[in-house]
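S.K.: Quick one: this structure, given as structure tokens, is what I'll be asking you about.
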Amino acid sequence: MRFRIYKRKVLILTLVVAACGFVLWSSNGRQRKNEALAPPLLDAEPARGAGGRGGDHPSVAVGIRRVSNVSAASLVPAVPQPEADNLTLRYRSLVYQLNFDQTLRNVDKAGTWAPRELVLVVQVHNRPEYLRLLLDSLRKAQGIDNVLVIFSHDFWSTEINQLIAGVNFCPVLQVFFPFSIQLYPNEFPGSDPRDCPRDLPKNAALKLGCINAEYPDSFGHYREAKFSQTKHHWWWKLHFVWERVKILRDYAGLILFLEEDHYLAPDFYHVFKKMWKLKQQECPECDVLSLGTYSASRSFYGMADKVDVKTWKSTEHNMGLALTRNAYQKLIECTDTFCTYDDYNWDWTLQYLTVSCLPKFWKVLVPQIPRIFHAGDCGMHHKKTCRPSTQSAQIESLLNNNKQYMFPETLTISEKFTVVAISPPRKNGGWGDIRDHELCKSYRRLQ
């Protein structure tokens, strides 16, 4: 039997097959690209509060599920599964890409929009219940639609990202600390299984041969990654927002530093603008601004329109700390001192800088009635049960009972206290490891 071959039909059939193949290839390619950049799945995230100390890797590893027959007390944890390694690499790649892209949301024209006299930077870890309260307070703040809010994260969380995705009342930018425990679960700056246990004496550590045996802190303890991370994040964030955030390249205003468990009064921006004007006109020697102290009077009468000039103290004025670019540049010149001082608290370390490295003691302009409150009565320094709803209810009650005194028409400096010498604070330790020192100092060199 003879078959007649029609060249035209063969050509058409070939083109059809090629077209189908191209469509299939393109679809798979897009899928692979989307999978590569997509956020990690919810079930890959650890339970909140799963922290660990020292070399107890299984409790701090993010995205790695503990196998049932693996003991958390093992001196050398099991080798991570390849899927876990791939997940960690996806986190790192995603963080790098987002920090590079710096996608600005809630602005009409991203290429032409510029921030005004205030930018907020919020340090976020993994307490969505408190972050939700902060966002609620921001939503109620008058004039917030003109304020850029930068959220700086050290933990990738779908729940937290969804909370921030719901912010539609102000410009928003998210950045991510690229050296978090989550991104380095099995190695420094996370907890390396070869690290020395926290309470191991130095002579025993030297015999054991753990990798940081030479570098205990001032109290003989070895580093705990979960405590070191906060100071790292704060210093990286300080540098990154001033030097690497493109929208702030020519910014001449102030940056107000917050944390996820802070709560702002509805008139905080109103008061802040008046404080900034007062500083320029009546207190040019003031180095920094603060939105308030931890002590709040039950009545705002006679004080809501008053501010004081004082010597800055880390235990009183670390909430709502606002810096100019000039103040930042003086701080960054003290990088070596900040990064080697043996205290895991960023604010106590700043206090040490004011007496050891900065040209003079910091002078702070602060309102007599706080416009910022600490909702987080639990956390790193507290062992209380977290009750964010109780705390927010108390703050709301205080504000509602004094709303007639808020939004003052003018602010006046009630008193300029004499700037007194402050003794160097007693260091708390937790920052003796030379690896922490060198990583901290490297942030200035990062592009």
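Cβ coordinates come from backbone N, Cα and C, glycine included.
What Swiss-Prot records for GLN123, VAL124, HIS125, ASN126, ARG127, ASP154, GLN229, THR230, LYS231, HIS232, HIS233, ARG298 is substrate binding site. Feature annotation from Swiss-Prot assigns Mn(2+) binding site to ASP261, HIS374. Annotated disulfide bond per Swiss-Prot: CYS196-CYS210, CYS283-CYS286, CYS334-CYS357, CYS339-CYS440, CYS378-CYS386, in sequence order. Residues annotated as N-linked glycosylation site in Swiss-Prot: ASN69, ASN86. Taken from Swiss-Prot, the feature topological domain 'Cytoplasmic' applies to 1-9, supported by sequence analysis. The topological domain 'Lumenal' feature in Swiss-Prot is assigned to 30-447. Residues or ranges marked as transmembrane segment in Swiss-Prot (evidence: sequence analysis): 10-29.
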S.K.: By the count of other Cβ atoms within 10 Å, pick out the sparsest of the disulfide-bonded residues CYS286, CYS334.
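M.R.: Minimum Cβ neighbour count within 10 Å, taken over the disulfide-bonded residues CYS286, CYS334, occurs at CYS334.
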S.K.: Among CYS196, CYS283, CYS339, CYS357, the disulfide-bonded residues in question, whose Cβ has the most other Cβ atoms within 10 Å in this structure?
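M.R.: By the 10 Å Cβ neighbour count, CYS196 comes out on top.
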S.K.: Starting from CYS440 (disulfide bond), work out which of the recorded positions listed here (ASN86, GLN123, CYS196, CYS210, LYS231) have their Cα within 10 Å, and give them in sequence order.
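M.R.: Cα filter at 10 Å returns LYS231.
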S.K.: Among ASN86, CYS283, CYS286, CYS334, HIS374, these being the recorded positions, pick the one whose CA is nearest to that of GLN123 (substrate binding site).
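M.R.: Among ASN86, CYS283, CYS286, CYS334, HIS374, HIS374.
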S.K.: Would you mind listing, in sequence order, the residues at least six apart from CYS210 (disulfide bond) in the same chain with a Cβ closer than 8 Å to its Cβ?
M.R.: ARG194, ASP195, CYS196, PRO197, LEU200, TYR222
S.K.: Quick one: of the recorded positions ASN86, ASP261, CYS286, CYS334, CYS339, which has its CA closest to the CA of LYS231 (substrate binding site)?
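M.R.: Of all the candidates listed, CYS339 is nearest in space.
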S.K.: Roughly how many Å lie between the Cα atoms of HIS125 (substrate binding site) and HIS374 (Mn(2+) binding site), rounded to a whole value?
M.R.: 16
S.K.: Count, for each of the binding-site residues HIS125, ARG127, HIS233, HIS374, the other C-beta atoms lying within 10 angstroms of its own C-beta, and report the residue with the smallest count.
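M.R.: Each of the binding-site residues HIS125, ARG127, HIS233, HIS374 was scored; lowest Cβ tally within 10 Å is HIS374.
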S.K.: Within 10 Å of each Cβ, count the other Cβ atoms, then let me know which of the recorded positions ASN86, GLN123, GLN229, LYS231, CYS440 comes out lowest.
M.R.: ASN86
S.K.: Which of these binding-site residues is closest to ASN86 (N-linked glycosylation site) if you go by CA atoms: ARG127, GLN229, ASP261, HIS374?
M.R.: GLN229
S.K.: Fill in the CA-CA distance, HIS233 (substrate binding site) to CYS334 (disulfide bond), as an integer in Å.
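M.R.: Just about 17 Å between their Cα atoms.
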S.K.: Helix, strand or coil at GLN229 (substrate binding site), per DSSP?
M.R.: helix
S.K.: Largest pairwise Cα distance, Å, within the listed substrate binders GLN123, VAL124, HIS125, ASN126, ARG127, ASP154, GLN229, THR230, LYS231, HIS232, HIS233, ARG298?
M.R.: 36
S.K.: Considering only the recorded positions ARG127, GLN229, CYS283, CYS286, CYS334, which residue has the minimal Cα-Cα separation from HIS374 (Mn(2+) binding site)?
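M.R.: Nearest by Cα distance to HIS374 (Mn(2+) binding site): ARG127.
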S.K.: Tell me the Cβ neighbour count for ASP261 (Mn(2+) binding site), meaning other Cβ atoms within 10 Å of its Cβ, over all protein chains shown.
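M.R.: Here the count is 25.
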